[in-house]
Amino acid sequence: MSDFAFFALEALIKCIIIIAIFASLAGLATYAERKVLAYFQRRIGPDMVGPFGLIQLVADMIKLFTKEDIIPSNSQKFIFAIAPLISAICAFVSLAAIPMLPEFTLFGKVIQPIVADINVALLFVIGTSGLCFYAVFLGGLASNNKWSILGAARGLVAIISYESVGALALIAIVMLVGSFSLVDINNYQSDGFFSWLIFKQPLAFVLFIIALFIETNRTPLCLTENDAEIVAGYGTEYSGLRWGMFFIGEYASMIAGAILVTLLFLGGFNSFWIIPGWIMMIVKSSFIFFWYFWARAAFPQLRPDQVMKMCYLILIPLAVLNLLITALAVLL
């Protein structure tokens, strides 16, 4: 087999594996979230269908995907129909440039668990994942429903504001490492526990986590939907499979965000003592992913004015200050 044919086959297999695994994980995450929230609220959660309620996930999927697909008569039908697909596609495309595990050898060929190892991977991931909000805005606007439009507009304002916070935090990382490649950033943290960037950039870590909650539509910083204010927000008119596509895209973005935090701040997939790198990657990413559930259970929903004031009066000034301090540290 020629090198090009092997490369093409390898890339195709990687794409199929990523879609299959992360679509499954997105569904499994719903079960995990229900169990975690039940524990916080002193409930049991799903426990009737299958062992530990695991088959409840299958029952919910059957129910969701067999529901009638309703398109409102006064909506922009084409945009309304494709917006959920854009959301899911952008979430999965962003995973293409994220290295998941250490490289390994298969049939004499070195395999890197990444579809595209590009030198601007960080820019690619942030750009493609940010497009998920473009789908949210299109879906809300095309619904021609006041709650959907309000949710879409609130989400758009939030993502424009908090992208600045996340970008400034990441620029500090790039200044230290000297590269936009996620593989290079991972390798920068290969000298042991105290080489992790969370110790060199603790403020950037906090700022990026906050921006991540906005980008993934998670409580307490979710502005696109609120039962007490705008019903289901951008998703008010969606049902069945189309609502499920938004749902899969959101959870895939959450998983990608957890992996990205691990790569940027927590040592990535480097080995720790006698623990292999791939185990460390799974453990650390799962720990970050758990934060989504913990925050939803522990914190109240913030008002839009509180979210925006926090961004412009606190977070952006802190991000700029962190950037200036990092620049001085690099120069000196």
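Here the Cβ of each residue, glycine as well, is placed from N, Cα and C on the backbone.
The transmembrane segment annotation in Swiss-Prot covers 4-24 (among others). For the transmembrane segment (4-24), the residues of the chain that approach it from at least six positions outside its boundaries are 92, 95-96, 109, 111, 113-116, 248, 252, 255-256, judged by C-beta separation under 8 angstroms.
Under 8 Å from some Cβ of the transmembrane segment (44-64) lie the Cβ atoms of residues 27-28, 30-31, 34-35, 37-38, 240-241, 243-244, all in the same chain and six or more residues away from its ends. The transmembrane segment annotation in Swiss-Prot covers 44-64 (among others).
Taken from Swiss-Prot, the feature transmembrane segment applies to 78-98 (among others), supported by sequence analysis.
Per Swiss-Prot, the feature transmembrane segment maps to 120-140 (among others); the stated evidence is sequence analysis.
Residues annotated as transmembrane segment in Swiss-Prot: 165-185 (among others).
Residues or ranges marked as transmembrane segment by Swiss-Prot: 194-214 (among others). For the transmembrane segment (194-214), the list of distant contacts is 158-159, 162-163, 165-166, 168-170, 172-173, 176, 185, 188, 220-223, 257, 261, 264-267, 291-292, 295, 307, 315, 318-319, 322, 326: same-chain residues at least six beyond its ends, Cβ to Cβ under 8 Å.
Swiss-Prot lists 255-275 (among others) with the feature transmembrane segment, giving sequence analysis as the kind of evidence.
Residues or ranges marked as transmembrane segment in Swiss-Prot: 279-299 (among others).
Taken from Swiss-Prot, the feature transmembrane segment covers 312-332 (among others), and the record attributes it to sequence analysis.
Taking residue pairs at least 6 apart in sequence, the transmembrane segment (279-299) and the transmembrane segment (165-185) share fewer than three C-beta contacts under 8 angstroms. The transmembrane segment (255-275) shares the most Cβ pairs under 8 Å with 78-98, out of the stretches 78-98, 120-140, 312-332.
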